[in-house]
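Student: Below are the features listed in TrEMBL for this protein:
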- C:Cys11: active site, nucleophile (ACT_SITE)
- C:Cys244, C:Cys390, C:Cys441, C:Cys444: [4Fe-4S] cluster binding site (BINDING)
- C:Ser291, C:Asp353, C:Asp354: Mg(2+) binding site (BINDING)
- C:11-229: domain 'Glutamine amidotransferase type-2' (DOMAIN)
Protein chains: 4
Amino acid sequence: MYYEPKIKEECGIFGIFGRKNASQLTYFGLHALQHRGQESAGIVVSEDGDFSIHKGMGLVSSVFGENNLRKLKGDRAIGHVRYSTTGSSLLSNAQPLLINSGKGMLALAHNGNLVNGYKIRRQLEKEGSIFHTTLDTEVIAHLIARSREKNIEDSILDCLKQIKGAFSLVLLTKDNLYGIRDPYGFRPLSLGKLGDGYVLASETCALDIVGAEYVRDIKPGEMVIINSQGVCSIQYAEGHSAFCIFEFIYFARPDSIIGGQNVHLARMEMGRALAREMSAEIDVVVPVPDSGISAAQGFAEEKGIPFQWGLIKNRYVGRTFISPEPEIRDIKVKLKLNPICEIIKGKRVLLIDDSIVRGTTSKRIIKMLKEKGAKEVHFGVSSPPVVYPCYYGLDTSNRRELIAARMSVEEICNYIGADSLTYLSQAGMLKALARTELGFCTACFDGNYPIGKGTGKYSLEEGRKCCGV
Amino acid sequence: MYYEPKIKEECGIFGIFGRKNASQLTYFGLHALQHRGQESAGIVVSEDGDFSIHKGMGLVSSVFGENNLRKLKGDRAIGHVRYSTTGSSLLSNAQPLLINSGKGMLALAHNGNLVNGYKIRRQLEKEGSIFHTTLDTEVIAHLIARSREKNIEDSILDCLKQIKGAFSLVLLTKDNLYGIRDPYGFRPLSLGKLGDGYVLASETCALDIVGAEYVRDIKPGEMVIINSQGVCSIQYAEGHSAFCIFEFIYFARPDSIIGGQNVHLARMEMGRALAREMSAEIDVVVPVPDSGISAAQGFAEEKGIPFQWGLIKNRYVGRTFISPEPEIRDIKVKLKLNPICEIIKGKRVLLIDDSIVRGTTSKRIIKMLKEKGAKEVHFGVSSPPVVYPCYYGLDTSNRRELIAARMSVEEICNYIGADSLTYLSQAGMLKALARTELGFCTACFDGNYPIGKGTGKYSLEEGRKCCGV
Amino acid sequence: MYYEPKIKEECGIFGIFGRKNASQLTYFGLHALQHRGQESAGIVVSEDGDFSIHKGMGLVSSVFGENNLRKLKGDRAIGHVRYSTTGSSLLSNAQPLLINSGKGMLALAHNGNLVNGYKIRRQLEKEGSIFHTTLDTEVIAHLIARSREKNIEDSILDCLKQIKGAFSLVLLTKDNLYGIRDPYGFRPLSLGKLGDGYVLASETCALDIVGAEYVRDIKPGEMVIINSQGVCSIQYAEGHSAFCIFEFIYFARPDSIIGGQNVHLARMEMGRALAREMSAEIDVVVPVPDSGISAAQGFAEEKGIPFQWGLIKNRYVGRTFISPEPEIRDIKVKLKLNPICEIIKGKRVLLIDDSIVRGTTSKRIIKMLKEKGAKEVHFGVSSPPVVYPCYYGLDTSNRRELIAARMSVEEICNYIGADSLTYLSQAGMLKALARTELGFCTACFDGNYPIGKGTGKYSLEEGRKCCGV
Amino acid sequence: MYYEPKIKEECGIFGIFGRKNASQLTYFGLHALQHRGQESAGIVVSEDGDFSIHKGMGLVSSVFGENNLRKLKGDRAIGHVRYSTTGSSLLSNAQPLLINSGKGMLALAHNGNLVNGYKIRRQLEKEGSIFHTTLDTEVIAHLIARSREKNIEDSILDCLKQIKGAFSLVLLTKDNLYGIRDPYGFRPLSLGKLGDGYVLASETCALDIVGAEYVRDIKPGEMVIINSQGVCSIQYAEGHSAFCIFEFIYFARPDSIIGGQNVHLARMEMGRALAREMSAEIDVVVPVPDSGISAAQGFAEEKGIPFQWGLIKNRYVGRTFISPEPEIRDIKVKLKLNPICEIIKGKRVLLIDDSIVRGTTSKRIIKMLKEKGAKEVHFGVSSPPVVYPCYYGLDTSNRRELIAARMSVEEICNYIGADSLTYLSQAGMLKALARTELGFCTACFDGNYPIGKGTGKYSLEEGRKCCGV
């Protein structure tokens with residue numbers, strides 16, 4: 001089973017307090033969260049008030065080795081894996097941030113996107129602040145440092161009053177580890193217990209890997225403070241659940257539990273819902289690996305039609321050089337996927353995937369299946385069409401790239417060359433997720449933005465002004 | 001679906017003739033054969049009698065980049081990916097070999113193991129030959145160069161009379177590409193057609209990736225000669241099919257076709273056969289991903305018991321540094337696999353895998369499932385116990401590592417902590433593969449070695465005498 | 001002739017305005033300044049208000065390649081090479097700094113050390129500023145951004161009123177390139193003209209390499225503003241020349257001109273002065289290559305005693321692994337230097353060097369010469385004993401490492417095993433440099449600190465609090 | 001003082017027997033011989049009949065690190081540094097060669113060039129031998145392995161009867177270390193003693209670095225056998241000294257002793273000889289650093305004209321990227337050399353160098369000096385014009401590149417823009433070297449080839465046929 005996201009995006013955060021090997025455990029935790037960001041990785045560890053940091057571009061396993069892990073000594077740490085949502089792909093934009101302030105050393109790691117980040121930044125610059133990165137995280141750091149509150153906790157609370165948007169945060173100070181979710185709980189954050197220590201992680205799979213016991217999710221509008229006395233909680237704002245539904249559709253790992261619901265089983269449920277909404281006559285259900293597997297299984301069970309591995313995925317996909325020769329067309333999809341003829345030949349195939357972004361890969365897969373002898377290729381998507389951009393931390397904001405924002409379902413069907421195309425309805429999807437205790441943000445499907453669009457993204461023009469390491 | 005082999009082993013070979021971008025296509029072909037060897041990769045290309053070579057340690061995508069592919073110009077090429085079966089892990093042992101001889105330049109790539117390689121080498125050394133590598137391939141090169149036959153083709157045939165063992169070979173001379181299988185056809189080799197050109201590959205998935213049409217398998221005891229006139233064939237020895245059954249059990253990619261049979265479907269058939277031989281009362285069938293998936297699906301279908309993803313595999317497994325702390329026990333298996341509690345809790349689970357080698361991973365998985373609440377964990381293996389070492393190119397020769405060579409089935413069951421353990425019978429396995437047109441080598445199960453054990457492996461002592469780049 | 005400094009230290013800065021290939025020329029300029037810092041290198045370039053940056057750890061030639069130079073487009077740039085004097089050896093401490101502020105983008109590169117940097121930083125932190133680095137340069141950036149002056153030029157001048165210490169600065173804004181020296185002119189900075197453009201550089205050898213014509217040195221207390229209108233100058237503070245005399249002793253390249261005086265000829269003059277102050281009976285004058293060559297030549301000429309290459313330096317000195325075996329003693333000095341027996345055998349040798357820091361190398365050289373047959377080995381140093389630490393940017397601050405701070409000249413002579421040891425007197429040194437138009441800082445010899453000691457260095461304790469990339 | 005060769009060429013060899021840290025000492029020895037080859041480096045070490053090898057492309061310090069040195073265990077070793085004279089720049093052509101033969105393991109390292117190597121290779125290929133490299137060393141290995149003599153020593157002697165050319169060799173077998181020079185002694189090889197052990201090295205500077213005492217040079221036509229019994233010698237052929245005079249002109253390190261003569265002092269002597277043959281009126285003698293320093297010093301002393309550092313060399317010369325802009329002309333020489341104006345302005349300058357190869361650098365230096373104000377620039381070369389190619393291991397074989405092979409002295413003078421140009425006469429050079437006990441090969445000056453031209457070099461066409469790794 002699988003969870004390599006098709007659209008690379010988002011971030012993963014991790015924090016730990018009160019465990020001797022804090023950096024080693026954070027390293028494992030980031031490894032389990034690798035699917036949430038492959039661009040950069042970083043760890044800040046602290047011991048007796050001394051902070052050490054290591055970060056770099058690339059996967060967790062290439063950024064960290066025995067040598068730099070050995071140097072990261074301490075019993076408390078935070079970590080971050082990243083794919084950029086704001087700011088460019090630069091080392092200077094890697095997280096965590098570690099800064100000196102009048103209130104002491106402060107390390108921050110952030111998953112999400114502020115809708116008023118740009119506005120606050122401009123105001124701070126006017127007042128004489130300087131910025132080294134294009135991260136919202138640096139805005140948060142400034143607000144904490146400049147707060148008139150004297151102690152750091154009150155300063156953080158002061159900052160939380162000012163920022164608006166999607167944010168799950170872990171912060172490390174000399175004495176405390178903080179875990180914070182925004183009042184709408186757009187992004188996930190879970191609390192676990194490991195012996196005498198505590199763990200915070202974007203997903204429960206990162207609790208599992210370090211052997212921590214899942215305690216509960218941090219609530220929307222909640223801040224937990226972890227130190228040698230234990231955990232205490234402050235509800236700093238009224239909470240309204242508007243959890244990002246795409247975490248269930250494809251971001252989260254299938255083995256994670258969110259809102260009390262296992263993700264893989266939720267996806268199977270969405271497959272079942274799709275089956276109930278759809279009536280095409282088909283011989284075989286084939287998942288697009290890995291993203292369509294759970295839904296395809298649910299679909300097949302619900303309909304009683306055989307689930308078959310009609311497409312095989314090559315596990316060895318590194319950076320592959322492809323010369324621009326005309327005769328090497330379609331190689332891109334072939335480097336990843338190969339059909340099994342015996343399974344699809346002469347059959348009416350239903351391909352299942354969790355979503356369609358630009359449609360180019362879907363188009364190539366369908367062409368390949370038809371060339372190999374499929375009689376018909378139908379396409380089922382276990383979520384509704386993505387029509388609206390996300391302003392809360394998902395990298396689907398460029399509306400021109402979203403095929404469903406430009407074409408009707410019928411047009412998409414023609415474009416990808418399918419014999420039919422069925423999306424799961426929004427109502428069906430929400431019903432499939434009813435077992436969770438969560439409210440959802442469905443803005444990307446219906447345009448209902450819980451907290452407005454803001455100016456959360458730097459314009460391209462802005463971005464161009466600062467590039468390099 | 002998957003094909004990362006648990007036991008790293010074997011080699012993959014590829015050859016192409018008559019296509020402008022020979023090195024680029026070979027690169028794609030090796031990419032598709034990457035599962036057959038991750039230790040080193042190499043390509044020899046030829047144009048107008050000029051030969052160019054590039055090889056290196058590591059994956060195909062890291063050994064080859066735009067720069068060195070651009071330099072490999074020509075319309076004919078051979079390539080090789082390798083995990084050592086003989087010789088040590090050295091760059092000097094990477095293939096193909098490219099040598100100067102009195103009969104012209106000669107490039108060779110070899111998959112297999114000679115049982116009389118060591119004996120011939122000693123004889124050649126006595127007669128004044130010198131060896132740079134510990135490869136059987138170099139023995140073959142010497143025999144060709146020293147043959148009293150004048151042209152290279154007769155020299156190759158002369159060599160084939162002298163060597164004994166498992167070998168699939170591709171050879172490139174100034175004018176011809178040769179594809180050869182030993183008289184027992186232990187190792188696979190397929191022929192494909194791509195436009196006016198021809199392709200040879202260890203598996204058909206490598207024909208698929210370059211868009212070549214599958215023509216047929218090279219026959220045991222056959223040599224094909226490919227040049228600008230087309231293909232011709234010489235049956236240089238009487239053929240007896242003794243195909244390595246482990247290619248079907250786990251080496252080959254599920255999308256490959258061998259002996260007319262798709263590998264994934266063959267594995268499902270083995271799962272069905274296991275289901276017919278087994279009667280344990282279970283609630284859910286869970287594959288060990290990725291190796292047990294096909295068999296688990298066949299088993300579940302045959303028995304009518306639900307197939308469920310009880311174990312999730314992390315796709316990001318690089319070299320991970322693990323500090324030797326006692327509290328980080330069991331992390332090795334957790335870095336790769338995580339259970340879904342909802343699926344296994346309180347259930348009688350049947351784990352399915354394709355084989356058990358040392359038993360340590362199986363033991364850890366079962367422990368993890370029980371800790372997460374599985375009521376019972378039974379273990380089904382879709383092949384018989386591996387009791388005897390392989391002398392024909394498989395890296396299972398160290399008998400002390402094979403758990404089934406040391407313990408009875410009952411003892412293994414106790415060791416891995418399963419509630420029951422069932423292996424597929426040899427008869428059941430052969431019946432499941434009856435649809436292929438092949439005879440099989442089953443020596444690793446029953447000790448019936450078709451061509452003896454030979455002295456095919458260098459002793460450890462030998463190996464120590466030459467190490468380094 | 002040579003200028004690899006024995007004590008690695010300091011920084012080199014470079015700026016250019018109005019030349020199409022600004023980054024390529026800055027790269028050459030930094031290459032010529034490489035002796036001033038081998039730890040990190042960086043370039044910021046600007047075009048139409050867009051700023052690009054690239055920096056990294058290591059030599060200029062390894063940090064910059066064709067690819068990243070090509071991306072650095074613009075007609076104005078600043079660059080920096082660094083060996084840390086404050087802050088630890090981290091990428092985040094590499095310069096130039098490029099920051100966003102309310103007054104626009106600002107890039108800064110700094111050579112020197114502020115004596116009130118730590119105090120200002122603490123004050124800024126109290127007021128809510130956050131710091132990403134441990135660099136004085138970031139203090140300067142904050143002061144400019146927070147100034148109540150509205151335009152950036154007035155803000156810079158406002159900042160210059162507040163900082164105290166040794167600083168030569170180049171700054172790049174959207175429209176202007178600034179070159180600034182502190183009121184005492186501790187560190188060098190020269191102005192050159194290249195066609196219609198202008199160049200700023202720590203040393204004139206960097207003007208030479210890009211083909212710029214030397215115009216003049218920036219004056220103590222002067223700021224020059226370079227833009228499309230040309231150059232204008234502001235004497236922002238009264239200037240008093242207190243130039244770092246160690247630039248002449250060994251920092252600067254022998255081909256540079258400072259204060260109207262070529263450095264190599266100044267060093268020869270110091271050798272002559274030493275000759276006049278010394279009366280040992282010797283047969284041959286041997287320089288310690290490369291640092292003692294100029295002085296040895298001056299000494300030999302003045303005394304009429306033959307100058308001879310008694311020690312040969314190996315040019316290939318990379319990082320050499322030395323196993324800790326007892327029989328491999330003295331290998332460290334042998335990897336660098338080897339005597340010519342014919343020159344020193346039976347002779348009374350006078351070794352000449354520009355300074356003695358810890359004395360260990362001098363001791364090993366003398367031992368080696370005696371073993372090879374030198375009758376007597378005398379030692380002449382072309383500068384006075386370094387007794388006091390530097391607070392203005394030189395890395396000799398750890399007093400325990402300075403042998404002359406712990407021992408008398410006689411004790412040093414015994415320690416290094418010389419038959420006699422003579423240092424140049426401070427008066428003799430100043431007389432030898434009389435031809436320059438400069439006043440000098442001689443604090444390291446006599447403890448007369450022109451602007452006090454300040455708290456310019458972070459304590460070790462401070463340094464420990466932030467380490468990593 | 002210096003020894004970075006202008007024309008990169010040749011090889012350096014090293015051998016040691018009977019010292020515990022054989023690989024570490026070989027590493028130091030190769031470091032001292034680095035000037036003889038920067039392309040690749042390798043070490044073979046042996047212990048109790050087990051051989052280990054490590055080799056790679058690049059400098060000794062980058063090929064070897066703590067890890068691979070630690071693995072190279074044994075009390076006897078040979079090493080090699082290389083710049084290609086035959087064969088292409090490939091890892092497979094790095095030395096030493098380590099081969100398996102019927103007479104046991106054999107490691108070889110070779111400096112020189114066989115004139116009948118190509119012919120023997122063709123003959124061996126005809127007889128069925130295969131070649132992996134394009135090295136003469138492999139020809140030697142084949143001849144030893146194929147000899148009908150039974151023991152390895154007689155086989156080596158048998159081989160020595162057949163090969164013709166320039167060769168200094170170190171060979172390592174299970175029991176013995178061999179040191180061999182060809183009958184004309186073209187290439188150097190010295191013997192040293194280190195405690196109970198023995199050392200062989202191309203130059204005595206490599207004996208010095210390991211602390212070995214110089215014993216004597218291996219004689220032309222001599223083979224020494226070193227083992228646990230000590231050293232014994234076989235004069236396998238009548239010796240005639242025809243030592244490569246270019247070792248004295250610029251190959252060898254100035255601190256080495258060859259034929260009883262220190263190289264630096266010999267070069268000074270050549271400078272003096274040039275002074276006696278030349279009468280130009282000049283004000284100052286300026287060496288081209290580093291190659292012209294010794295001769296310039298001798299010249300200046302003989303003539304009583306001041307020696308001055310008019311050109312300063314930048315020690316940091318890595319691979320520098322130079323964009324192909326027209327305005328960056330002459331940057332290549334400026335990256336290496338910068339004049340001191342005060343020394344050359346208005347002066348009649350005599351530049352001294354050890355040779356002129358293509359003349360382009362000389363031309364650029366003279367232009368630079370004139371631009372900086374030199375009144376006249378004369379050029380003195382401390383050796384005769386190189387007119388004929390070398391067939392004995394020097395990389396000057398491409399006659400079109402040798403300016404003196406195409407132009408008269410007057411034409412060269414015009415081409416490089418000098419006011420006069422004087423070469424040392426051949427008679428003057430030989431007289432300057434009269435103190436050595438050696439006869440010299442002067443073929444590159446006068447075309448008198450002691451053993452003919454042979455077919456020692458592969459034609460370009462040949463070379464093209466094998467490239468890669």
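Positions of Cβ are set from backbone N, Cα and C atoms, glycine also.
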Student: In Å, rounded, how far does the Cα of C:Cys11 (active site, nucleophile) sit from the Cα of C:Asp354 (Mg(2+) binding site)?
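Tutor: Computed Cα spacing between C:Cys11 (active site, nucleophile) and C:Asp354 (Mg(2+) binding site) is 20 Å.
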Student: Express the predicted model's confidence over the domain 'Glutamine amidotransferase type-2' (C:11-229) as a mean pLDDT, rounded to an integer.
Tutor: 93
Student: If you draw a 10 Å sphere around the Cβ of C:Cys390 ([4Fe-4S] cluster binding site), how many other Cβ atoms fall inside it, taking every protein chain shown into account?
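Tutor: Cβ-Cβ neighbours of C:Cys390 ([4Fe-4S] cluster binding site) within 10 Å number 24.
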Student: For C:Cys244 ([4Fe-4S] cluster binding site), identify the closest of the binding-site residues C:Ser291, C:Asp353, C:Asp354, judging by Cα separation.
Tutor: C:Asp354
Student: Does C:Asp353 (Mg(2+) binding site) have same-chain partners at least 6 apart in sequence with Cβ under 8 Å from its own Cβ, and which are they?
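Tutor: The list for C:Asp353 (Mg(2+) binding site) reads C:Pro287, C:Val288, C:Ser291, C:Gly292, C:Ala295, C:Ser362, C:Phe379, C:Gly380, C:Val381, C:Ser382, given in order along the sequence.
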Student: Can you tell me how far the Cα of C:Cys390 ([4Fe-4S] cluster binding site) sits from the Cα of C:Asp354 (Mg(2+) binding site), in Å?
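Tutor: Between the alpha carbons of C:Cys390 ([4Fe-4S] cluster binding site) and C:Asp354 (Mg(2+) binding site) there are 18 Å.
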Student: Test of understanding: give the count of other CB atoms lying within 10 angstroms of the CB of C:Cys244 ([4Fe-4S] cluster binding site).
Tutor: 28
Student: Using the CB centroid of C:Cys244, C:Cys390, C:Cys441, C:Cys444 as the [4Fe-4S] cluster site centre, which other residues of the same chain sit with their CB within 8 A?
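Tutor: Same chain, not in C:Cys244, C:Cys390, C:Cys441, C:Cys444, Cβ within 8 Å: C:Phe186, C:Ile245, C:Phe246, C:Tyr392, C:Leu394, C:Thr442, C:Ala443.
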Student: In Å, rounded, how far does the Cα of C:Asp354 (Mg(2+) binding site) sit from the Cα of C:Cys444 ([4Fe-4S] cluster binding site)?
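Tutor: The separation of the Cα atoms works out to 15 Å.
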Student: Fewest neighbouring Cβ atoms within 10 Å: which of the recorded positions C:Cys11, C:Ser291, C:Asp354, C:Cys444?
Tutor: C:Ser291
Student: At a 10 Å cut-off from the C-beta of C:Cys441 ([4Fe-4S] cluster binding site), count the other C-beta atoms across all protein chains.
Tutor: 26
Student: If H, G and I count as helix, E and B as strand, and all else as coil, what does DSSP give for C:Asp353 (Mg(2+) binding site)?
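Tutor: Strand, per DSSP.
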